[in-house]
């Protein structure tokens, strides 16, 4: 890239240089195209049948039922078409980091700034942050070129203390990793694995456990007491937490914990830079959630080190492969890609997920299969973590550079002063101020973009619209591993936040439906449109979850009879959609049981997270509600963990989000047995087979709900008040439908 070349990163190559990466297209691409053509014809025939039936409706109730199903199927058809855009150009990539030094001298490797974000030590345990920071500090990369910035948006002295402990432990951990050449550079992951320990490993493990106890003791106390402070430097840094200090109102805190030019480890090797940052907060200034924190990191890092490559990580997402930056460099150092390559995205993957992924927390489509399809177009979207950026990507398009308000934070600026010099520290504090962005282009034309709770999705989308492309790097060994929610309510709340963000993008002036398709082209624009339209699944799911079973209870047929040809079209559409999805899931390493749990959770999310996200967005438009950036809880109690390991649904925390899914489960269960009785009687039941099958499908998917209502007595059972409310609402809905629609 232009800035890499300008700043001394020699990327010259000749025709004889060994390859750094290769690309191949998926073998199933042609079969995908054929299936898309056949299935599209089936959809058109299905919609024709719907329209014909609608025109012939003579009764108002019948017209309403047919119109509802018609609208539902149009929405499903549109979303299906967009989903196929991920399957038209699937590609697989391979990297050869062992060839990198044959192309680029190690001394010429670009500097790397790592951004790690955290916001609440009680929801995001500091010891996870410590392991994440240590895992990237120990990369197989010149340590003097690595700078790790920890953004503490909660402004907690507990987080700063954990970072101080990490800095001290790093002087022992990094030499140990080099000496033993271990792959697991996260100490938490390494010591949790079943290794045969050497005497050196035993010593370092004891050291780590002592540090872990200190961090957890401080967390339990809620403050850093005098016994844990070891020198005046620590005391001075921690003294900023006065009685007037709150996480919503405080001045900027920047603490350089390790300075590469001054600090060496126990083997006399240079250490990476480690900087703690808590930006200025004021109750009267907007902070823009995580996007605002990342923009402060962009400016502060530009003032202090200004590395041309930036890695963004969540605090719980540790590096699982020490060669990850070298893999990213295989693309970032390729002259053929440099002019327009904005970032290299690694898949977001998780550790600790149970065998069958009960809550569908892997999100295989969003984080693994769909990005491969986007990679064959203009590249994957930014996933919020595990992404190596070219710093230049945050300052306009490849050919339209947007200069920041001061040259000291330009991506082309070279920092030639020590990071703790007074001039550098003054500038860093200035650009971290809560009012610094006033009357600037930050968050709108520069940096991470404001305007959506899903700042990662929105930022990546806007960068594609500016003309950048990206690469999906998916090595066999996961590059990063993070924590996934292991309680149902946490997973649904996380999905609700994502859905609100998608709706915000949908109705923004930069909507992928209009702006995106014009800027990126139709197919690439439709891949982004697919994501922002996901909350619209709510309409067909609500209709299909309630209308056919209510009709079945009233012995009203809404679908073709078994003897009609259209019956088999419905069967083909259902089996074709689910069958192709299952095949794609298994081809990319999934299992049938994981796929089943994934599609079941999809139904649950639509009827809960998407419903409440839509309600919250609507209330916000009316000025009744405000959005909040809710963190996903990463603290787990023993009972909750035990239920998750057993694959048992956890309904311990009562939530209104459980009501609609329980209503659907109750109505479909009753309608299934009533319909089954009608079929067994054989009286005018030919037209009820499809409704009975659909109700049965919902019933099978709802087994964990029935179990939680009837069979379980543990804390994770369905709360009685949720069951009572759901039953009453289901009964009321049945009475209303019987009196209005099925008279």
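Yeah, the Cβs are placed from backbone N, Cα and C, and that goes for glycine too.
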**OP:** Identify the transmembrane segment range according to TrEMBL, selecting from 504-524, 567-587.
**Re:** 567-587
Original post:
In TrEMBL, which of the ranges 607-629, 630-652 has the transmembrane segment annotation?
Top reply: 607-629
Subject >> Cβ pairs under 8 Å between the transmembrane segment (567-587) and the transmembrane segment (30-48), at least three >> reply: yes
Subject >> Length of the line joining the Cα atoms of residue 314 (Mn(2+) binding site) and residue 456 (active site), in Å >> reply: 12
Original post:
Which of the recorded positions 153, 290, 456 has its Cα nearest to the Cα of residue 124 (UDP-alpha-D-glucose binding site)?
Top reply: 153
Subject >> Rounded inter-Cα distance in Å - residue 153 (active site), residue 456 (active site) >> reply: 17
Subject >> the transmembrane segment (657-676) vs the transmembrane segment (718-737): 3 or more CB pairs under 8 Å >> reply: yes
Subject >> Other CB atoms within 10 A, centred on residue 290 (Mn(2+) binding site) >> reply: 22
Original post:
Residues sitting near the transmembrane segment (688-706): Cβ under 8 Å, six or more positions beyond its termini, same chain?
Top reply: 544-545, 548-549, 551-552, 555, 557-562, 567, 570, 599-600, 603, 648-649, 661-662, 664-665, 668-669, 671-672, 675-676, 678-679, 718
Original post:
Apart from its near flanks, which chain residues at least 6 from the ends of the transmembrane segment (718-737) lie with a Cβ under 8 angstroms of it?
Top reply: 546, 550, 553-554, 651, 654-655, 658-659, 662-663, 666-667, 705, 708-709, 712
